[in-house]
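Copied from Swiss-Prot, the annotated features are:
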type    : residues                                                                                                      : note
BINDING : Asn8, Glu382                                                                                                  : Mg(2+) binding site
BINDING : Lys15, His206, Leu207, Gly208, Asn209, Gly210, Asp281, Leu282, Arg283, Gly329, Val330, Gly331, Glu332, Asn333 : ATP binding site
BINDING : Arg89                                                                                                         : substrate binding site
SITE    : His178                                                                                                        : site 'Transition state stabilizer'
SITE    : Arg239                                                                                                        : site 'Transition state stabilizer'
Amino acid sequence: MSKIIAINAGSSSLKFQLFEMPSETVLTKGLVERIGLEDSIFTITVDGEKQKEITNIPDHAVAVNMLLKKLTENGIVKSLDEIGGIGHRVVHGGEKFADSVLITDEVLADIEELSDLAPLHNPANVVGIKAFQEVLPNVPAVAVFDTAFHQTMPESAFLYSLPYEYYEKFGIRKYGFHGTSHKYVTERAAELLGRPLESLSLLSCHLGNGASIAAVEGGKSIDTSMGFTPLAGVTMGTRSGNIDPALIPYIMEKTGQTVEEVVSVLNKKSGMLGLTGYSSDLRDIIAKEEEGDHRAKVALDVFVSRIHKYIGSYTARMKGVDAIIFTAGVGENSAIIRERVLEGLEYMGVYFDAKRNNVFGEEAFINFPHSPVKIIVIPTDEEVMIARDVLRLGNIG
């Protein structure tokens, strides 16, 4: 048995989960927030109880030291020697990484170089990797990329209709995101269906504050809704999803905003927040719709209609689907959104059962038994995928 830590480092946060592998038992998990501020928050679960501490954590290295100290102090590990591997979520692997990889100096340099493609995320991921290297330099560390799963997309899916030299010179193409989540739920769907993954055509709907749809054929991603960045695709909590690109200079002209300001609006003030004017949270918006709020209704209609566009086109691409999967915060917990997405899809063999659909955050088939297309709710588990890859690549036993 080996203990493996899965790490997700943000610019001012560090999310962690410690597994006993290969049993996949979660020993503890937690979150360090507001790193760099005087009132940083450190939360860890010990024996099922959440412990919370507000203290000054100036940087990620201090956060890592504090985390490791808490593991030994609470007897979760007897000594740090028990930690056999570390897995780091890295948002962007570009075309360089089609799989998770053992971190070397060269790999770390490549990840830093790819920061151009993910300026908000990759630098933070690198900081997390370096912080652990300082404290546990001899423990195998693995980078698990959000983009890697989508590297199987054909050129017809990943190329934009732009001058080809933009792709050759600047790497401008669709990359796709949420890959670790889409990989986990499609592999789990094959297990639940009792069929080989290689024989299945699956639609994976990762619906959270960020949302993406993936077409997965034979276990390989053949298309996905996010693009060069996670701004593309369906309408999201605060992100616009696809818009006419000519709108950007038009908005600049009308508002006097810079490119950076307009892109910030598209990322942080658009989507459901932009449409409603008051919230990016679907629970708030559904409650407002029930009170008769017109903009809430319109926002929900837009959200669902954009998802339908991808379901329709990806079903055509795969010449039919075996199952539709719902995952992530909204996909796992909102029966109302699932119902609206599934309504009217009988033409493609989708028959959902409203009673079975009444599930929240647990695995369930929500289709009628006679439905040719199965509908499955699967809570995602990106952390366990990270731990599995550390076990696979880290030569840990």
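Glycine is no exception: its Cβ is also placed from the backbone N, Cα and C atoms.
Since we're looking at a predicted model, the values are computed, not measured.
Here Glu382 (Mg(2+) binding site) is positioned 9 angstrom away from His178 (site 'Transition state stabilizer'), judged by their C-alpha atoms. Nearest in space to the residue listed as 'substrate binding site', taking C-alpha to C-alpha distance over the binding-site residues Asn8, Lys15, Asn209, Arg283, Glu332, is Asn8.
When the Cα atoms are compared, Glu332 (ATP binding site) and Glu382 (Mg(2+) binding site) turn out to be 14 Å apart.
Within 10 Å of the C-beta atom of His178 (site 'Transition state stabilizer') sit 28 other C-beta atoms, taking all shown protein chains into account. Maximum intra-site Cα distance, ATP binding residues Lys15, His206, Leu207, Gly208, Asn209, Gly210, Asp281, Leu282, Arg283, Gly329, Val330, Gly331, Glu332, Asn333: 25 Å.
A count of other CB atoms within 10 A of each Cβ picks out Asn8 as the most crowded of the binding-site residues Asn8, Asn209. Taking the C-alpha positions, the distance from Val330 (ATP binding site) to Arg239 (site 'Transition state stabilizer') comes to 15 Å. Taking the Cβ of Lys15 (ATP binding site) as reference, residues of its chain lying under 8 Å away and at least six apart in sequence are, in sequence order, Ile7, Asn8, Ala9, Gly30, Leu31, Val32. Ranking the binding-site residues Asp281, Glu332, Glu382 by how many other Cβ atoms lie within 10 angstroms of each Cβ puts Asp281 at the bottom. Taking only the Cα positions, the spacing between Leu207 (ATP binding site) and Arg239 (site 'Transition state stabilizer') is 13 angstrom. Applying an 8 A CB threshold to same-chain residues 6+ apart, the list for Arg239 (site 'Transition state stabilizer') reads Gly210, Pro230, Leu231, Leu266, Asn267, Ser270, Gly271.
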